[in-house]
Amino acid sequence: MQGNTATSVGAYSNGDDALKAITDGSGKPGEKSETRHDALFERVSARLKAQVGQDVYASWFGRLKLHSHSKTVVRLSVPTTFLKSWINNRYLELITSLFQQEEPEIMKIEILVRTATRSVRAGIEEAVAAVETAPASQARRMAGPQTVAQAAAGLTEKAQQRQPSHGPLFGSPLDARYTFDTFVEGSSNRVALAAAKTIAEAGASAVRFNPLFIHSSVGLGKTHLLQAVANAALASARSPRVVYLTAEYFMWRFATAIRDNDALSLKETLRNIDLLVIDDMQFLQGNSIQNEFCHLLNMLLDSAKQVVVAADRAPWELESLDPRVRSRLQGGVAIEMEAPAYEMRLEILKRRLEVARLEDASLEIPAEILNHVARSITASGRELEGAFNQLLFRRTFEPNLTVERVDELLAHLVGAGEPRRVRIEDIQRVVAKHYNVSRQELVSSRRTRVVVMPRQIAMYLSKTLTPRSFPEIGRRFGGRDHTTVLHAVRKIEDLIAGDTKLSHEIELLKRLINE
Ligand SMILES: Nc1ncnc2c1ncn2[C@@H]1O[C@H](COP(=O)(O)OP(=O)(O)OP(=O)(O)O)[C@@H](O)[C@H]1O
């Protein structure tokens, strides 16, 4: 953290701030208070470094400067909006308490963004720092599970291709690698990809489906696709105003705005956007926040602005959501993405290899190994990336990896997306045998008592023992509607609660299925 005397006002956009910086503290301009404030800043910096550790400190606070200091308010500055929100989000409390330990009159710490032009290099350094120090889930959001060098390479390449003059208005950071070009198409995501491209190219006025709701189980590319929509829309000639947010960021942003009496200006900003992209919708919580979200959604949809949402389940399954929000989300089109087939998995691995070769042209992974990984890692894009990174890493020490060795190395990833590795077919087979009906009858349209109950039990077990969604289960049971599955699951849950015999029978079936 470098000290910045209050006299270097040229970097600040706000003249009042600069003036205050000179005349702060005792109310008199002069070297004395500057030196005292610099010394205070240095002491707090040292304590912060001791608390968070050298690495985290260098990543997040290396470019933090003292901006100004009044009796009760200390203003610090950073070069980018992203750094500001990151520090505000995660470290503001800590920094405030460190300042207060030094000077108890201090009430508030504010983080400002310096107006200096942001270099591409700064963006890369920041992304790299973020990947190195962020917790796994956050780092994934920003750079995916690629190596840090790859993340930087991706950004450099992108920056060379185009240096957008504008980004999203505000919100969670966009990963420049998440584009339509890097998104591998397959039968499991074709419809979702086509819808996403149409929106990015045409905008809301030309599109009939609004909101677009993409859902899938974890790691199947929702974030990648949503960010590709935002990145492509931003690069388009229409120059729409785009906001990409995770639901968690939305909650945090609104909560801070309400706390700072700034909700009106936040709403004003959101009112003027053309495209709202919201990820991880399942995490939206809290009555007042949902209320705000509902207003925003209504306002955007009613004025024909496009909204794109992703979640780990369909809109009708988002039971924690306010019914008004749920109903508005159901008013558009919901598209599910499924697990990638073998060809698609292989293509994802090949693309990863191409990117890695940009860094190291001598890199070779034999086709036999890639095919084998694509065959064994069936769960999701995320596990595939994890597997690929393992291969890259191991290659350095073990240049001649065999298929057997790869199996050992990746054992923890095989079947990782489906922890119980139970298939719906297995459930149908076991339930059919137990109740002495055929599997065909279970998936048929027959509605006789003898088959209805076993079918409902099989649906219930499919929901509880596999990560499959209601519509997916419905499709596996003779193309039934998701509401039929929902009804079956609720009915069996109710019955189990009051019927010990049935509850034991279901436990027995679970054991048989897991055998
Ligand atoms: N079709 C695809 N083409 C290329 N990469 C993909 C594809 N699907 C997934 N991936 C990669 O797999 C990783 C996980 O994808 P992503 O984070 O988008 O999944 P997600 O569905 O948002 O997961 P979660 O539900 O956990 O948020 C990403 O690095 C992404 O680039």
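The backbone N, Cα and C atoms fix where each Cβ goes, glycine too.
Record features (TrEMBL):
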- GLY219, GLY221, LYS222, THR223: ATP binding site (BINDING)
- 208-336: domain 'AAA+ ATPase' (DOMAIN)
- 423-492: domain 'Chromosomal replication initiator DnaA C-terminal' (DOMAIN)
- 1-133: region 'Domain I, interacts with DnaA modulators' (REGION)
- 133-172: region 'Domain II' (REGION)
- 396-515: region 'Domain IV, binds dsDNA' (REGION)
For THR223 (ATP binding site), list the number of other Cβ atoms lying within 10 Å of its Cβ atom.
23
According to DSSP, how is the region 'Domain IV, binds dsDNA' (396-515) divided among helix, strand and coil residues?
82 helix, 0 strand, 38 coil
All-chain count of other Cβ atoms within 10 Å of GLY219 (ATP binding site):
22
Under a three-state reading of DSSP, tell me whether LYS222 (ATP binding site) is helix, strand or coil.
helix
Run through the Cβ atoms and count how many others sit within 10 Å of the one on GLY221 (ATP binding site).
25
Pull the DSSP breakdown for the domain 'AAA+ ATPase' (208-336) and write it out as helix, strand, coil residue counts.
65 helix, 24 strand, 40 coil
Across the region 'Domain II' (133-172), what does the mean pLDDT come to, as a whole number?
39
Relative to the mean position of the Cβ atoms of GLY219, GLY221, LYS222, THR223, the recorded ATP site, which additional same-chain residues have Cβ within 8 Å?
SER216, VAL218, LEU220, HIS224, LEU225, ALA310, MET337, SER380, GLY381, ARG382
Specify the count of other C-beta atoms within 10 Å of the C-beta of LYS222 (ATP binding site).
24
